[in-house]
Amino acid sequence: MRELTSPSAVREIIRAHGFKVRKALGQNFLLDANIIEKIVQAAELSREDLVFEIGPGLGTLTRRLARSAGQVIAVELDTNLLPILAETLADFPNTRVVHGDALQADFDKLAGEYAGGIFGQPGRGYKLVANLPYYITTPLLMHLLTGGFNLQCLVVMMQKEVADRLLAPPGGKDYGSLSVAVQYYTVPEVVARVPKTVFFPAPEVDSAVVRLTRRAVPPVQVTSEALFFKVVRAAFGQRRKTLLNSLTGSGLAARENWLQVLAAAGIDPARRGETLTMQEFAALANAFQQHLGA
């Protein structure tokens, strides 16, 4: 069948299936073949790779992934897209479409259930490549990074503003708890900036393709990851307040306890949370663990 990289081709297939685009599900279909190629190249795929795709839409990116990867498992929430995907992916036997919610998905389990041959072996790593539905970008990234899955890398399209947050350094307006979490688990890099004009229908914001390469070892050592991220979220809880006030307001510990912990970590309580480096957050969390035993 013809490639779905023009508005006319997209209109033709959705009209044939009586499909109506649902903005509530972030359905903006990527049309630009050059951007699709950049996404696939960034994933460095081979026939040895199992690839997950979230929100395959009409199957445009899925078809290109199937030409390079060994196997592709696409997770789609909208049942109305399943007949379209059955048509557009009919010529690609190495693709499987799974109806489900990616926010609830156990990707290791899906790999075991739907991937054939060597691709379904327990403990085998895989990649994720997707034009993410924008309304779930942040919670989905956290689910993927903290779920303990065997993900080797992610190459994902997202809102430009979210991409800026992922790569933000300490002290900037975009730096926050998401920045710390993503940089703790991965090495993020922007692969391409993408204008809103290459989608149908066009979203309201520009986008970016980001590659997230999983770290073998985190850049800092913490005694408890759960506590580390609690402290990070607490520090960013009230951005315009001092670090001491933000931490106290979190309810994790009393003000006098935080003064003790900050002193032990060598951090000025008058600073603001957004100025702390990841190393300082680690020192703060480890001091909290040592002095308060939480």
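Note: Cβ is positioned from N, Cα and C throughout, glycine not excepted.
Together with Asn28, Leu30, Gly55, Glu76, Asp101, TrEMBL lists one candidate of Asn131, Asn150 for binding S-adenosyl-L-methionine, that being Asn131. Counting neighbouring Cβ atoms within 10 Å of each of the binding-site residues (Asn28, Asn131), the lowest count belongs to Asn28. For Glu76 (S-adenosyl-L-methionine binding site), the Cβ neighbour count at a 10 Å cut-off comes to 24, with all displayed protein chains included. Each of the binding-site residues Leu30, Gly55, Asp101 was scored by the number of other CB atoms within 10 Å of its CB, and the largest score is that of Gly55.
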